[in-house]
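Here's the structure we're looking at; comments come further down.
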Amino acid sequence: MIWHVQNENFILDSTRIFMKAFHLLLFHGSFIFPECILIFGLILLLMIDLTSDQKDRPWFYFISSTSLVMSITALLFRWKEEPIISFSGNFQTNNFNEIFQFLILLCSTLCIPLSVEYIECTEMAITEFLLFVLTATLGGMFLCGANDFITIFVAPECFSLCSYLLSGYTKRDVRSNEATTKYLLMGGASSSILVHGFSWLYGSSGGEIELQEIVNGLINTQMYNSPGISIALISITVGIGFKLSPAPFHQWTPDVYEGSPTPVVAFLSVTSKVAASASATRIFDIPFYFSSNEWHLLLEILAILSMILGNLIAITQTSMKRMLAYSSIGQIGYVIIGIIVGDSNDGYASMITYMLFYISMNLGTFARIVSFGLRTGTDNIRDYAGLYTKDPFLALSLALCLLSLGGLPPLAGFFGKLHLFWCGWQAGLYFLVSIGLLTSVVSIYYYLKIIKLLMTGRNQEITPHVRNYRRSPLRSNNSIEWSMTVCVIASTIPGISMNPILAIAQDTLF
């Protein structure tokens, strides 16, 4: 009899929870329509995988890419609508959040065609790979719109869990297993520290979890200058620092870049930074409004360490992916300048513009590394010597992306850095901008060193990998060529006419 009553109570409670979830989705679903499209794509992928055979593999790519493109379209149709807070304060929809969501979707859309040839050659499980990519994208999008601590914690964990699984996707590779272990352990530790910081803010504000309500709570409790806020600031900076991977929170980055499958590295190298940057701008600017001097100082230290260590250590690397890992650490130092400048002096606009260019430059470089690695089986920088003699198209496109990463005019990277540094200079960050300019010159050195190897024609310098290189024919159905071409064009042309891009970024009201 007791069991019967308990069973009935369980059914009633489950029904209430289901009805509440259905009610929220019915009345608030339009606010997360782009995310709902991705969820539908995930369900469709699972259904087709259960009911189809290996001959239907092209459908998996088509469904994933279509879901992402439709989600981008839904975001564009929603552009410039009034800011809305939905799901009982958990989620905020505005232009600032949406432009970061657009960048994440753009990264994923370009990464899927970049991965097709790699998956086919290595015989990786395609369905799980695409499921993890879409789920990580979903987590990143929710993080961009998160408006309370629970969502800010759950969304990046969704992204991180998929990232761990993707980085260890080649289970028989010892380097991949080592990278995944480090990534998982450090990710778990950073999440714990992040939650510790949230708990201090929660207690100091009188039990508030929404970002704006925390500010009001700190005013009411008069705790906005208390030692607890300083502890919260340091803890949250460490937690977010792991996601952004600036120095000294970069220890996992080189190993994960070197050990993970190259398409996975391409995906993680941009999406994680975009999502973490979106979260960092809102967390630092709203709950820590009264501690702006303190978090500005912390971020300045991180930016200086990242720009110096990242670019100097990159010079000594012999692995292409490991070099790009340290290069990305230096690049995030430039992005932090935009976060520090903030809404004044177009800091956020310059940061968003530079991140758009960084996506194209970085993914274009990784597309070439994927193509070269599949044909030679090597990642050593010396093995790229003389590639121009065998595959001029690959060598030239790789050179353009590297030059754009270095910031040489008239490529997109130059104009992106120029506007970012100019905004920092106007905000009075003279020392930070000077370090950025000097380290940019250093980065040009190691990029030009690689380009010199690419263009060499000396037989004694050309390795057997290039001598036996099989050139990939340019075909209209070669997805990696399409992805690479889009990235190369986006790394060059937009820099010449970047005013429209800046205008769009400036329209993103915080």
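In case you wondered, yes, glycine gets a Cβ from its N, Cα and C as well.
According to Swiss-Prot:
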TRANSMEM  24-44  transmembrane segment
TRANSMEM  59-79  transmembrane segment
TRANSMEM  99-119  transmembrane segment
TRANSMEM  124-144  transmembrane segment
TRANSMEM  149-169  transmembrane segment
TRANSMEM  183-203  transmembrane segment
TRANSMEM  229-249  transmembrane segment
TRANSMEM  295-315  transmembrane segment
TRANSMEM  323-343  transmembrane segment
TRANSMEM  347-367  transmembrane segment
TRANSMEM  395-415  transmembrane segment
TRANSMEM  418-438  transmembrane segment
Output the single range from 99-119, 124-144, 149-169, 229-249 maximising the number of Cβ pairs under 8 Å to the transmembrane segment (183-203).
229-249
What same-chain residues lie close to the transmembrane segment (395-415): Cβ under 8 Å, and 6 or more beyond its ends?
327, 331, 357-358, 360-362, 364-365, 368, 387-388, 440, 443-444, 447-448, 450-451, 454-455, 484-485, 487-488, 490-496, 498
I'd like to know if the transmembrane segment (124-144) touches the transmembrane segment (418-438) in this structure, counting it as a touch only when three or more C-beta pairs sit under 8 Å and are separated by 6 or more positions.
no
Do the transmembrane segment (229-249) and the transmembrane segment (59-79) share at least 3 Cβ pairs closer than 8 Å, excluding pairs fewer than 6 residues apart in sequence?
no
What stretch of 59-79, 295-315, 347-367 shows the most Cβ pairs under 8 Å to the transmembrane segment (99-119)?
59-79
Long-range environment of the transmembrane segment (347-367) - Cβ separation under 8 angstroms, sequence gap at least 6:
96, 99-100, 103, 106-107, 110-111, 114, 262-263, 265-266, 269-270, 273-274, 277, 281, 324, 328, 331, 334-335, 337-341, 397-398, 400-402, 404-405, 412-413, 415-417, 419-420, 422-424, 427, 480, 483-484, 486-488, 490-491, 494-495, 498, 501-502, 505-506, 508, 510
